[in-house]
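Q: Encoded as structure tokens, here's the structure I'll be asking about.
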Amino acid sequence: MTILNPITFPVILESLLASNDLTEEQSNYLMNSWLDNKIEPVQTGAFLAAFRAKGVSGDELSAMAKILQDASTTPSDLPSFDLVDTCGTGGDGANTFNISTGVAFVSAALGVKIAKHGNRSASGKVGSADVLENLGLPLNVSSGKVVEALKKLGITFLFAPSWHPSLVNLAPLRKSLGVRTIFNLLGPLVNPLRPKSQVLGVAKADLLDPMSVALKGMGLKRAVVVHGAGGLDEASLAGANQFRFLDKDVIRSEIISPGDLGLTQISNESLKGDGLKTNSHILKSLLNGEGNQYHKEVIALNTALVLWVSGTEDDLSSGVKRALDCLDTDKSWLLFEQLRDFLAT
């Protein structure tokens with residue numbers, strides 16, 4: 001009887017097509033082959049389609065994310081303090097304003113060290129990089145400058161394409177496929193500054209478990225994975241939000257509605273953006289202590305998650321209150337201006 005080598009492209013593809021999860025060794029081999037440009041485009045298309053059909057496991061994600069993170073441009077002088085990232089997988093199609101970007105600056109204004117890892121638009125009309133660039137933040141800056149900003153100001157922004165040069169060769173094929181792939185899930189997991197805590201939004205409820213398992217596998221101290229009411233990849237004001245809380249290697253599930261935290265329940269329509277100009281105006285207004293109440297409340301809800309994962313607050317209710325108080329001031333906008341000016345020099 002012939003025993004097939006389990007670490008070959010055909011065997012790996014057959015395993016995926018049979019809806020079997022890959023071993024860690026297979027996952028590592030596949031990701032390293034992508035990074036070394038050893039997979040033909042037609043094979044890559046087949047693998048990405050097979051993952052999409054099977055559904056990805058948390059162990060597959062963590063194995064591949066570790067390889068991808070190690071291949072990123074990682075500075076030698078990483079900060080000694082713990083960092084938090086705030087991001088979502090995208091794909092909700094809701095076209096909300098840039099909630100997680102606002103959350104990053106409000107959280108930093110409240111003392112949390114934020115390493116925001118982001119890109120241009122994935123599913124919405126405007127990505128975090130798009131809106132920040134439109135407000136004057138330089139994107140293509142040296143890794144040293146990015147880290148220096150974090151140490152000086154307590155917040156920085158990492159423009160994903162600048163930090164993951166090994167993925168450039170895959171970009172045209174991913175775009176030509178026209179569907180979301182495993183790389184859309186890996187992106188939020190591979191912050192090169194290696195935060196120890198994270199708030200991560202998913203657009204589909206069936207991603208809650210694999211993404212939380214992946215974060216655990218990558219050694220995070222604390223994390224929140226959230227699927228928002230109405231299908232948002234953020235905590236929403238529209239109703240019951242589904243959560244996975246990771247704390248000390250234990251993952252627990254919870255459902256929290258805005259009313260549980262004294263917030264208004266309102267449809268996601270109230271959170272919609274409308275292109276780059278409008279989204280930029282909304283974000284600037286909020287950070288400047290202005291903006292409408294519903295926008296402030298959804299920022300406060302998601303900021304409370306950041307305050308919890310960072311250990312700044314023990315409960316979400318107190319985190320919401322602190323965030324709302326901050327949103328009545330211009331502290332967050334002043335911090336944005338400091339970061340913008342620092343990165344521009």
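Positions of Cβ are set from backbone N, Cα and C atoms, glycine also.
Keep in mind it's a predicted model, so treat the numbers as computed, not measured.
Sharing the features that Swiss-Prot gives for it:
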- G88, 91-92, T96, 98-101, 116-124, S128: 5-phospho-alpha-D-ribose 1-diphosphate binding site (BINDING)
- G88, N119: anthranilate 1 binding site (BINDING)
- S100, E234: Mg(2+) 1 binding site (BINDING)
- R174: anthranilate 2 binding site (BINDING)
- D233, E234: Mg(2+) 2 binding site (BINDING)
Q: Tell me, in order along the sequence, which binding-site residues from G88, H117, N119, R120 have their CA within 10 Å of D233 (Mg(2+) 2 binding site).
A: G88
Q: How many Å lie between the Cα of R120 (5-phospho-alpha-D-ribose 1-diphosphate binding site) and the Cα of R174 (anthranilate 2 binding site)?
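A: The separation of the Cα atoms works out to 15 Å.
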Q: Tell me which of the binding-site residues T96, S100, N119 ends up closest to E234 (Mg(2+) 1 binding site) in space, Cα to Cα.
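A: Considering only the listed binding-site residues, the nearest one is S100.
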Q: Under a criterion of Cβ-Cβ distance under 8 Å and sequence separation of at least 6, what residues of the same chain contact G88 (5-phospho-alpha-D-ribose 1-diphosphate binding site)?
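A: For G88 (5-phospho-alpha-D-ribose 1-diphosphate binding site), the qualifying residues are S100, P188, L200, G201, V202, A203, D233, E234.
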Q: What is the total of other Cβ atoms whose distance to the Cβ of E234 (Mg(2+) 1 binding site) is within 10 Å?
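A: A count of 30.
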Q: Which has the fewest other CB atoms in a 10 Å radius around its CB: H117, R120, R174, the listed binding-site residues?
A: R120
Q: Say we define neighbours as other CB atoms within 10 Å of the CB. Which of the binding-site residues T96, S100, N119 has the fewest?
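A: Each of the binding-site residues T96, S100, N119 was scored; lowest Cβ tally within 10 Å is N119.
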Q: Rounded to the nearest angstrom, how far is the Cα of N119 (anthranilate 1 binding site) from the Cα of T96 (5-phospho-alpha-D-ribose 1-diphosphate binding site)?
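A: Computed Cα spacing between T96 (5-phospho-alpha-D-ribose 1-diphosphate binding site) and N119 (anthranilate 1 binding site) is 16 Å.
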Q: According to DSSP, does D233 (Mg(2+) 2 binding site) sit in a helix, a strand, or coil?
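A: Going by the DSSP assignment, D233 (Mg(2+) 2 binding site) belongs to neither helix nor strand, so it counts as coil.
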Q: Provide, as an integer number of angstrom, the distance between the C-alpha atoms of N119 (anthranilate 1 binding site) and the residue listed as 'anthranilate 2 binding site'.
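A: Cα of N119 (anthranilate 1 binding site) to Cα of the residue listed as 'anthranilate 2 binding site' measures 15 Å after rounding.
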Q: Based on DSSP, name the secondary structure state of R120 (5-phospho-alpha-D-ribose 1-diphosphate binding site): helix, strand or coil.
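A: In three-state terms, R120 (5-phospho-alpha-D-ribose 1-diphosphate binding site) counts as coil.
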